[in-house]
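Structure first, then comments.
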Amino acid sequence: MEATVQSTTNTFAPVTFTEGAIKELKKLIEQKELTEEFGLRVGVEGGGCAGMNYVLGFDKKKEGDEIFYVEDIRVFLNKAHNLYLVGMQVDWQDGLNSRGFTFNNPNATSTCGCGTSFSA
């Protein structure tokens, strides 16, 4: 398992990212040629077979967002989502059977087979 890398302007990053996830995110940022006003949004939304889906994508800061940094990647997290995501680790899988970001969430009481939906 890869080491978790976290760096934040606060003393605590609510969500951590593995080295593989950070490498893939930096590649995506470079490909998309994002301006400085954009950051990585991590969150949840209602839906999916288990009740909530993970949100992971590039966005601008919104009202109610906390900002933390993972290496030089600015991350936005709505304060209301902290309850569901604190302690979660995001990883990148690039294997034969699966390719994409995965979520290891200690707050999830159940997950669906796809790994992108959970309940807490």
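Here the Cβ of each residue, glycine as well, is placed from N, Cα and C on the backbone.
According to TrEMBL:
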- 15-115: domain 'Core' (DOMAIN)
Segment confidence, the domain 'Core' (15-115), expressed as mean pLDDT: 88
DSSP-assigned states of the domain 'Core' (15-115) in counts, ordered helix, strand, coil: 21 helix, 49 strand, 31 coil
